Amino acid sequence: MTYFNRRRFMTGMGALVGALLTAGIMSAPSMAADFPTAKVNTTKLAVTDKTVKVGILHSATGTMAISETGSIQAEKLAIAQINAMGGVLGRKIEVIQEDGASDWPTFAEKSKKLLVNDKVATVFGCWTSASRKAALPVFEKENGLLFYPTFYEGLEQSKNVFYTGQEATQQILAGLDWIAKEKKAKTFYLIGSDYIWPRTSMKIARKHIEQHLGGKVVGEEYIALGDTQFGSVINKIKLKKPDVIYAAVVGGSNVAWFKQLNAAGLNSSKQTMLTISVTEDEVLGIGGENLAGFYSAMKYFQSQKNPSNEKFVAEFKKMWGPKSVIGDVTQAAYLGPWLWKAAVERAGSFDVDKVAAALPGYEFKDAPEGYVKVDANHHLWSKLRIGKWRTDGQADVVFESELIAPDPFPKGYQ
Amino acid sequence: MTVTMSKILGGREGAIGLAVLALLILVILPLSLDLFRLGLVGKYTTYAFVAVSLVLLWGNGGILSLGQGIFFGLGGYLMAMFLKLEASDPISTKIQTTPGIPDFMDWNQLTALPWFWEPFNSLPFTILAILTIPALFAFIIGFAMFKRRVGGVYFAIITQAIALILSILIVGQQGYTGGVNGITDLKTMLGWDIRNDGAKYMLYYVNALLLIGSILLSRYILSSKFGMLLLAMRDKEERVRFSGYDVSNFKIFIFCVSALISAVGGAMFTLQVGFMSPSFVGIVPSIEMVIFAAVGGRMSLIGAVYGTLLVNFGKTMFSETYPELWLFLMGSLFIAVVMFFPNGLAGVWDKYAKRVGFIRRIMEGKGKADNTSADSNTQGAKA
């Protein structure tokens, strides 16, 4: 099976290279002519002989804009690159961008607008779980297609959504195994922002620590979203002296959390911390000096050394400025358009049902993060990496796991 | 009888204004917009309930509440609880650890339905709850504050604080409330699919009629002796008190009515949009709703509806056309309205449009008799 897939992939790559080489000679419409619109679009999507419309739906404004901008940029970069290669089935991708404005009902409203009015072939979008939960019923009702980039809590699987970030078990288990072994950690202090993703993640982490690692959870705290007072939590941590702080603090709270930890003398020389919520994007706000020596568990770090990542980083900076950084979610968002393109080409059609059926099993071998594979459950097989932060805001990858199967409904962890 | 009717309608001018509004939302918009846009209008008109309630409370009563989101949210959540229970039957939730309870409870390790969710299996109870619980809550807040003569800016700040507390409570107790995600994925009401096209039209009309009903109720209140007292209290509270009236009781009453109207809007919101989240309870939405009323003209019940529609259409249009700039455009719009038209759209209408000959003739009618009979109220109360 693997062999067969690999061969099919190689053929695909060959065709791709061929298409690239002949792009100058063969004009795009003639390729589109091989796929007549009437055939590739039987569900009245916005597909013409020359173009296909897709939607981008993230928060360009509001409190989430700082996080979601990277995803918008990555998706636009991928689309620009795909268009430069001749588009999808010979059709140029046209983007309709909508602003979710960090407001969950707006995500539902704009999803509906994109699917019903604009008839886009697919949407790349949503970031927070709340926005996805708000938009999900619309995608299921209108039978749209969504590529969702963020690492998230799992417990969901929709035929209309592909999840290009990691679900909770992929991000948590291997990271805990590593830190327990590497730092001989026995006691853990869990801290997170108070909403579904940290709570679900900590539930999984606690079960894993207690049942599989023989460790002990000495404290579990949740901080209201946006709260910036960590004094009492830090005092408790000082009292309990855990081997590891396991953190999932998000958004603006992160800055206060790391600064107050440092001010209280708990820097990385005295305290080990593994976080699952800090990427290069967050470090911009926190400041590398407050974070140096702490660990993050992510599937992607900008500093990863491989040719496709180096190319990706270079082109990203070329398009969006030399100061821009790329975090885990940004890279996952970059995968969206490429996976969609691959699925459309495998299906030979833009129809949502056919595209969704064609994608599982697809292997994307030279993604910036490395090899990924689409599972039947619409999540990706990927590796987990541990990054140790440097003062310059980049991380050294100190550990890379085996390829991990996605398991959005983990047995024994619920 | 005819006198009361004419009072409720607000005289000839009020009747024409209401007729035009009814024509617009009942006939013109449904005929000219596609279902998606009409759905948006439906959503906006649920906010208009709150704007109308603010015209009663703030424009006429002089009580600025920065916490109307509390009541809108309560109404919405109560309706969402019923719909969520119906959507969480054991068959469609069989992958959960505990089938038959809402999905977010299962994610939060709850293994049984909390007791206060139980009654929401019944639609009559839910409707009753929507009509009483927010009003009761308003009564408690009002009683605690107005009896102690807390008013003005202090009242505004306290309502704002309560809105914040409630939203934090909802976010924090996610096992019981759905947390920051809210209560999502609502499907049917007594087996009737609220998501298909026919249901959308139906709900739109129910909503529009309820809104017109709320305006009529508000007019009735404002045109009564109580409405006169309300205006008097707004302008010279001490004098009304010295005349022997118990001012706090009147304030509590109007606060409860405004809560009731907002709650109906919230319940209709949930039905039309298909979910409810804490982002409609907190400070920002509560202030936004005050802005809707201010843009429409805080003295004008009908103006408040137009204000809500205008601001929200502006939001949608600007954000579709300029996804990265639209907030600045909205900001400038608000500043412009406040600077140049302090009485909002209704003020613009009174000042400019009514000077145009034919509009004046229509509004005033040919006979003078009509004019005198209607004009017992002060300017704003009837518009």
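Cβ coordinates are placed from backbone N, Cα and C, and glycine is handled just like the others.
Just so you know, TrEMBL annotations never went through curation; they're auto-generated.
Taken straight from TrEMBL:
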TRANSMEM  B:15-36  transmembrane segment
TRANSMEM  B:48-74  transmembrane segment
TRANSMEM  B:123-146  transmembrane segment
TRANSMEM  B:153-172  transmembrane segment
TRANSMEM  B:202-231  transmembrane segment
TRANSMEM  B:252-271  transmembrane segment
TRANSMEM  B:291-313  transmembrane segment
TRANSMEM  B:325-345  transmembrane segment
Next on the checklist: At a C-beta cut-off of under 8 Å, are there same-chain residues at least 6 beyond the transmembrane segment (B:48-74) that contact it? List them, or none.
Outcome noted: 133-134, 137-138, 151-153, 155-163, 166-167, 170, 210-211, 214-215, 218, 221-222, 227, 230-231, 233-235, 237, 251, 254-255, 257-266, 268-269, 276, 278, 280-283, 285-287, 289-290, 292-293, 296-301, 303-305, 307-309, 380-381
Checklist entry - When only pairs 6 or more apart in sequence are counted, do the transmembrane segment (B:123-146) and the transmembrane segment (B:15-36) reach 3 or more Cβ pairs under 8 Å? => result no
Checklist entry - Going along the chain, which residues at least six beyond the ends of the transmembrane segment (B:252-271) come within the CB cut-off of under 8 Å? => result 43, 46-50, 52-54, 56-57, 61, 63, 65, 68, 70-80, 83, 130-131, 133-135, 137-139, 141-143, 146, 186, 189, 194, 203, 206-207, 210-211, 214, 217-218, 221, 226, 230, 280
Item to check | Outside the transmembrane segment (B:15-36), six or more residues from its ends: residues with CB under 8 Å to it | outcome: 6, 9, 45, 197, 200-201, 204-205, 208-209, 211-212, 215-216, 302, 305-306, 362-363, 383
